[in-house]
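Asks: Dumping the structure here so I can ask a few things about it.
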Amino acid sequence: MSATSIQPLLDILFLGKALTREQTASLFSTLIQGEMNEAVMAAMLMALKIRGETIAEISGAADAMRAAAKPFPYPASSRSQGIIDIVGTGGDGFNTINISTTAAFVAAAAGAKVAKHGNRSVSSKSGSSDLLAQFGIDLTMSPELASRCLESLNLCFLFAPHYHGGVKHAVPVRQALKTRTLFNVLGPLINPARPEFMLLGVYSPELVTPIARVLQALGTQRAMVVHGSGLDEVALHGSTQVAELKDGEIIEYQLTPADFGVPQAQISELEGGEPAQNAQITQSILQGQGSDAHTHAVAINAGCALYLCGLSDSVKAGTALALNTIKSGKAFELLNQLAKVSSEAQE
């Protein structure tokens, strides 16, 4: 859309009124095509933020980003089983170990098909992509190779900038604004594999139910949107607020570590470090040699994923399956297999 054709939509925003899903998609399409100047972009993002983004607006922005993404060739057998993403918005302010990334290896080794959409760090010193790079896993693996990994190994990692090139147009504005905008919640919603199932952690308890409604609007089959006592994942150090999407309905409840059959730990026990240190921690967990707190934090998140995929009938059973999978060594074996496939492709 040209500057003149988006002006009526901007005028609606500047009056403090909400846009429709389609109108928001039009604005974000213009942005990611590089056809929106930075002053307009900043004004648009702040107008949305100050009023508060609606479900329709978040869904519309996600529609535009999904439509513009580099295609992912979805493997047939994975489609019949269904794919899950275990992902967080980041930005929770805690520098924890890489819980969701490590949980992805465990869930995949236990039988789930995991397509993890990730980026470099937002709130910690080490995001999922920072961690994977430590293991020699190629972040810019072709979509075709990633699809083959999903098919044969049950796991692939999709590096967000590799699939969403248009986001680069927003980077200078986001850096200049130095505040959260709609982009902070979009990342988990725009996985190019379009997973049927999602375990999605959010940085604020106020986002739990709205983001579940967005997933509902986007056609996600089953999901748990979680905020765990300050963390954008299921908490081992306190209660977790959940909005679960199942059979088209959203139910809200709380979970505690006891619901997973594991003891509570202190948040300080989950503190992470630089990528190299976090890689060592992940390796220890997957080898069955991690601390109880590290292992349990990963297992309860993997357990929720296994529950959502239908591989266990409760989060407690899912956690037990995750712990057994770690003990078996299968998750560590999977890490080595993925690194091997990645390095062979780079030769």
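Easy rule for this one: first residue shown is 1, then count along the chain.
Heads up, the Cβ atoms here are built off N, Cα and C, so glycines get one too.
Not measured: the values here are computed from a predicted model.
Take a look at what Swiss-Prot says about it:
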- G88, N119: anthranilate 1 binding site (BINDING)
- G88, 91-92, T96, 98-101, 116-124, S128: 5-phospho-alpha-D-ribose 1-diphosphate binding site (BINDING)
- S100, E233: Mg(2+) 1 binding site (BINDING)
- R174: anthranilate 2 binding site (BINDING)
- D232, E233: Mg(2+) 2 binding site (BINDING)
Asks: List nothing but the one residue from T96, S100 whose Cβ has the fewest other Cβ atoms within 10 Å; the candidates are the binding-site residues.
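Replies: Counting other Cβ atoms within 10 Å of each of the binding-site residues T96, S100, the minimum falls on T96.
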Asks: Looking only at H117, N119, R174, E233, the binding-site residues on record, which one has the least crowded Cβ, with the fewest other Cβ atoms within 10 Å?
Replies: R174
Asks: Using Cα coordinates, what distance in whole Å links E233 (Mg(2+) 1 binding site) and S100 (5-phospho-alpha-D-ribose 1-diphosphate binding site)?
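Replies: Here the two Cα atoms lie 8 Å apart.
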Asks: Give the distance between the Cα atoms of the residue listed as 'anthranilate 2 binding site' and T96 (5-phospho-alpha-D-ribose 1-diphosphate binding site), rounded to the nearest whole Å.
Replies: 24
Asks: Distance between N119 (anthranilate 1 binding site) and D232 (Mg(2+) 2 binding site) at the Cα atoms, whole Å?
Replies: 15
